[in-house]
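Asks: My structure is below; once you've seen it, I'll send some questions.
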Amino acid sequence: MKDFLQKVNSYIKEAFGAGKYLYDGLSVTFDHLRRRPVTVQYPYEKLIPSERYRGRIHYEFDKCIACEVCVRVCPINLPVVDWVMNKETKKKELRNYSIDFGVCIFCGNCVEYCPTNCLSMTEEYELATFDRHNLNFDNVALGRLPTNVTTDPSVKPLRELAYLPKGVMDPHEVSSSDARVGKLPEEVYDWMKPKTNEMSDPAVKLNK
């Protein structure tokens, strides 16, 4: 009888544990069902990265003095600085500079500590490739400026906060019956119309 009661007690505990596990999972599901959809139709729509977004590193060869500060402050000693000493001028001559973005953690230390500001973080995040060796950028590839989301004619830029009603900063506070993030509210349309008309007016272009 004692063994039977122990089995029943163990079965009840396991049933309660399974029920709690199921409740936790469904509570998350139902919580998201009440939220506003924020689907972005990538790659035809892209969210504009934040002002301090840490994307692909941009490098200016002419500013670099081959001091190797970026190598010393990098947690994984990633940047490869190839230089030779000029015996006549007694100064370093930079030959090549490369960064492997397959290993880079985008911490931004190299940008922060660079004495000549030859390194900067860009908004580019589309670095996917079939061959990981293509992620090893030399000074020529690092020197290319990426296409900005707002200037790319093939992409519709999305400013996430601009799609929310006035005074609302959290998309979860908006009713699910309202328009999705991909549609502009009337207030933003009214704000954009004067600028669009100015750009399309030839008289305004001539005056400028």
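Every residue gets a Cβ built from N, Cα and C, even glycine.
Just so it is clear, the model here is predicted, and its values are computed rather than measured.
In case it helps, Swiss-Prot gives these features for our protein:
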BINDING   Cys64, Cys67, Cys70, Cys114  [4Fe-4S] cluster 1 binding site
BINDING   Cys74, Cys104, Cys107, Cys110  [4Fe-4S] cluster 2 binding site
DOMAIN    55-84  domain '4Fe-4S ferredoxin-type 1'
DOMAIN    95-124  domain '4Fe-4S ferredoxin-type 2'
Asks: May I ask you to report the DSSP-based helix, strand or coil state of Cys70 ([4Fe-4S] cluster 1 binding site)?
Replies: helix
Asks: Work through the binding-site residues one by one (Cys74, Cys104, Cys107, Cys110) and name whichever has its CA nearest to the CA of Cys64 ([4Fe-4S] cluster 1 binding site).
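Replies: Going through Cys74, Cys104, Cys107, Cys110 one by one, the closest to Cys64 ([4Fe-4S] cluster 1 binding site) is Cys110.
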Asks: Just the number: how many Å between the Cα atoms of Cys110 ([4Fe-4S] cluster 2 binding site) and Cys67 ([4Fe-4S] cluster 1 binding site)?
Replies: 12
Asks: Could you tell me how many residues in the domain '4Fe-4S ferredoxin-type 2' (95-124) are helical, how many are strand and how many are coil under DSSP?
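Replies: With helix first, then strand, then coil, the domain '4Fe-4S ferredoxin-type 2' (95-124) has 5 helix, 9 strand, 16 coil.
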Asks: With Cys114 ([4Fe-4S] cluster 1 binding site) as the reference Cα, tell me which of the binding-site residues Cys74, Cys104, Cys107 is the closest one.
Replies: Cys74
Asks: Among the binding-site residues Cys67, Cys104, Cys107, which residue has the largest number of other Cβ atoms within 10 Å of its own Cβ?
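Replies: When each Cβ's neighbours within 10 Å are tallied, Cys104 tops the list.
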Asks: In sequence order, which same-chain residues at least six apart have a C-beta under 8 angstroms from Cys74 ([4Fe-4S] cluster 2 binding site)?
Replies: Cys107, Asn109, Cys110
Asks: For each of the binding-site residues (Cys64, Cys70, Cys114), count the other CB atoms lying within 10 A of its CB, then report the residue with the highest count.
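Replies: Neighbour-count leader: Cys70.
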